[in-house]
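Before any comments, here is the structure.
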Amino acid sequence: MPSSRDVVFVDGVRTPFGKSGPKGLYAGTRADDLVVRVIRELIRRNPNLPPDRVDEVAIAATTQIGDQGLTLGRSAAILAGLPKSVPGYSIDRMCAGAMTAVTSLAGGIAFGAYDVAIAGGVEHMGRHPMGEGVDPNPRFLAEQLVDGSALVMGMTAENLHDRYPSITKDRADAFALASQEKVAKAYSDGRIQPDLVPMATRSAEGGWGLATVDEAPRPSTTLDGLGALKTPFRPHGRVTAGNASGINDGATGCIVAASEVAEELGLAPKMRLVSYAFAGVDPEVMGVGPIPSTERALRLAGLSVSDIGLFEINEAFAVQVLAFLEHFGIADDDARVNPYGGAIAFGHPLASSGVRLMTQLAREFGERPDVRYGVTTMCVGLGMGGTVIWENLSWEGKK
Amino acid sequence: MTDIKELFADEVVTKAITRDVELPYGAGTMALITLDNGLDHTKPSTFGPGGLTSLGEALDAISARGDVVAVGVIGKPFIFAVGADLNGAALVSERDQALRIGKLGHDVFRRLGELDVPSFAFVNGAAMGGGLEVALHCTYRTISSGVPAVATPECFLGLVPGWGGTQLLPRLIGPAAAIKLIIENPLSQNRMIKGRDAFASGIADAMFEPADFLEESLRWAARVLRGDVSVSRTDHTADDWSKTVADARFLLDMKLHGASPAPYRALDLIELARTASRDEGFDAEDQALADLLMGDELRAGLYSFDLVQRRAKKPAGAPEAALARKVTKVGVVGAGLMASQMALLFARRLEVPVVLTDLDQARLDKGVGYVHAEIAKLLGKGRVSADQANRLKALVTGSLTKDAFADADFVIEAVFEDLAVKRRVFAEVEEVVSAECVLATNTSSLSLTEMASGLRHPERVVGFHFFNPVAVMPLLEIIRGAETDDATLATAFSVGRSLKKSSVLVKDAPAFVVNRLLTRFMGEVIGAVDEGTPLEVADHALDGLGLPMTPFTLLQLVGPAVALHVAETMHEAFPSRYSVSENLAKLVAAGKPGVYAPDFSLDAEAVALFSGGTSPSTAEEVRLRALRALAEEIRLMLDEGVVAAAQDIDLCMVLGAGWPFHLGGITPYLDRTGISDPRFLAPGVASLPA
């Protein structure tokens, strides 16, 4: 049976992302309900896919307890009304959870174990604050396996500024401002809305409502405003709430399939998986993770960075994107990078973000038939990076 | 003239909370109203004056705006809304108050259908009575396929769906379907329909699954507003309304003989709906509501509802539930039909092993075979899964010896109705079981105390009197003997609850409650016939009460032989009040199943057996005689302490004999007709406040 088949990204959607907290969009909404809504929307948007042809559901969450526990892939599949014959499981690679769900299922598809699968991720950081229930082994610090700052992401970002002295707070703020502006433009151009699924919300005092757009973007952001923000991780530091992603709630999901099966079913895939790679780095500078993972993925694909026409890089922190760009010799304002903006504006519900990058890249590919290859990449806590390289199935050179 | 809000001082106000939602596809802004009483789904949202005012104010605020393209209404999770606040309705004492409740409901609800923009009801959960009427007033409706109950239960209590229901529903789904929902279902054990049925009948325009019901409803609403979806409705004005209404009236007369005004008023209003303007129709509803709210039938209905909802769940005189012992295995002595029915019920509800014993292998095989066949029927109907059927079948076994009871915690006997036989059975069982095993008897007339005497542990004997058919009838009379201890009694109540029966505690007295009263009642009617009253006159003398069946139909259902046996037992106990009809004995001797032929005509031969009396009574005389006898017997039972209160008598008659809500069981009716003197219940308990 072992085979090697092309794997394609058929379609991706997400809920609007909310700001975590008691006044946030999803303060009264369960994490599993966010996932259920995404799965149902994928099935609805792809009527040629018979639900019983879904062979696996892998859902990522960093904090797998409560409504993010109970083997979320399986429980969400049942709650979404998929046939009970469809299995599911949970995945955790922190920020790269959904990305890992895609690559794991893609590996299974290429091997021949699955034909079609649903991958996604969720993080309700309001219901499950970062670090909820963690119990780090004392050896980490006692044996100096990691620096004490490694578990505080903001500190790792400050550490990264130390490693790249040329990346100043001004550059980080400028990048953050650009992200906000790109998101505002993408919204006004109608690039984001088609892949959002409206989500019902409810609070006891406010009754039912409907989430239709992301809550976090701040279109009125200015450089002056950014400059005035506090640096909570270091006195006179560089990392602020303005040049980092926020604390958010949201879910994403996508359909991945064997290319031949997508064709058989009459699905309309948007991207072909070219290669993927994960890499480890020092946990205290986890933000450099995308550099080695991207180098490895490029090598596996037989491509060089100059072959890449679009980059979707997760903006956990502006400094971490800038370090990546500096390493590959790409300008801070290069039009190939996050053309619709990134997590600094949209928000970053940890384990869900990987599929947001892919969904956005897929839409950008549709707009840019001149581009053949794109990269989705992100840094991961405890010192990792993940990269997936995609080929644009709308690429005109193929026709 | 009191403000109606004062009557509803304890109202749990359902608030109408408005929030704007941006509709998909650029369809504009909807003002979405959530109806929420602030409690969880076990306390459904209702409407009193406070709730109606809140909804009215929300609509005022929305009407004052010019920026919304539609109004939506949805309930809290699992509940849309379930109708009027009944606690306040029971306190209404003046017709003018009643009228104002009706008018306030109309004034608020009708606006949903008279706004400048379309309104949408998103029926996300249970929708009953006034809750369903809120939805009916809206321009469009979506419903969740997960909705467990849609109903207009008003006629069940003695009201009409009079906040627009009788006018809007017939036009929406046609007179026949409306009559089914408004009249037939409430009068059939208050049957309710599910969301899917409501959609199929045309009550809702679209149906969506519960997982993302609101989101998909809003998408649908946006498409409707954009003109991408058109909603088609059937024009029912051409239906044959007069025939449909006439047919319904005929069936209603057969069932009620005019005994309860509410369904008749509902039928009149439905008929009116074909031609009436909104103003005329709603005004007629107001008048009907006011009349019914000021009638004793509704008060009796509310009283009965409270009995079955509340008193039945907290049986008067039951010991502390914590005293109950665990029941992990049940024994049933006997393998006849009654025993087999009990075995099936115990297995299904307790899900513990149930052993039937009999002395005869053939009878045993038949009994166990009956249970297995019934389980197969349940499987065939999809009521249990294949695995559950296997489990249930494995639970029910038979044994020729009582050794199989050794580890049972509850043994019930259903052998021949003979004291000596039952005593012997219990003595044999006591040889095998633990000292704490409950010994229950399904006797319908024998003395529990006598049955227990002579046992080593008489304190563990308890009466457990089911009604036939065991699986269907909701009443369980639990009888305490002279020596029955609290732990035994608590265990009996706990088992009753697990069996999903409503239990009433009864003293060890002849024939307990239901059979004692029915036997007395039937005895008077049969006595009148023996004296020369024509059978058809006597048998229909009480039609005006709207009982589920006539006395001679009941006789036929019970079987003349059983009825005769009970009459003899009662005559022995109370010779002055219970007589044994010689003609009934002749009917038994003739082997007749009753006085009616299978086609419900009178059997001439049977009727002839009852001829010969020389002092006939009029129907009115028979009616008075039977009712006075009931009043006398109930008074004696209360004096003897057979039950704790008149409420328990009524609860027994409602649940064990199916006597109607509009009579309040029976004592409210005896009170309001002046038959009982003094009254059983104070004015206001099950009648208009004094």
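One-based numbering along the chain as shown.
Cβ coordinates are placed from backbone N, Cα and C, and glycine is handled just like the others.
Automatic, uncurated: that is what TrEMBL annotation is.
Sequence annotations record features per position, and here TrEMBL assigns domain 'Thiolase N-terminal' to A:7-258.
The active site, acyl-thioester intermediate annotation in TrEMBL covers A:Cys95. When Cβ atoms from all protein chains are considered, those within 10 Å of A:Cys95 (active site, acyl-thioester intermediate) total 32, not counting its own. The DSSP secondary structure for A:Cys95 (active site, acyl-thioester intermediate) is strand.
Taken from TrEMBL, the feature domain 'Thiolase C-terminal' applies to A:269-391. Broken down by DSSP into helix, strand and coil, the domain 'Thiolase C-terminal' (A:269-391) contains 54 helix, 34 strand, 35 coil.
Look at TrEMBL and you will find A:His348 (among others) tagged as active site, proton acceptor.
Annotated active site, proton acceptor per TrEMBL: A:Cys379 (among others), in sequence order.
Across the structure, A:Cys95 (active site, acyl-thioester intermediate) and A:Cys379 (active site, proton acceptor) are spaced 7 Å apart at their Cα atoms. A:Cys379 (active site, proton acceptor) sits 12 Å from A:His348 (active site, proton acceptor), counting Cα to Cα. Around A:His348 (active site, proton acceptor), a 10 Å sphere centred on its CB holds 27 further CB atoms from the protein chains shown. There are 33 other Cβ atoms within 10 Å of the Cβ belonging to A:Cys379 (active site, proton acceptor).
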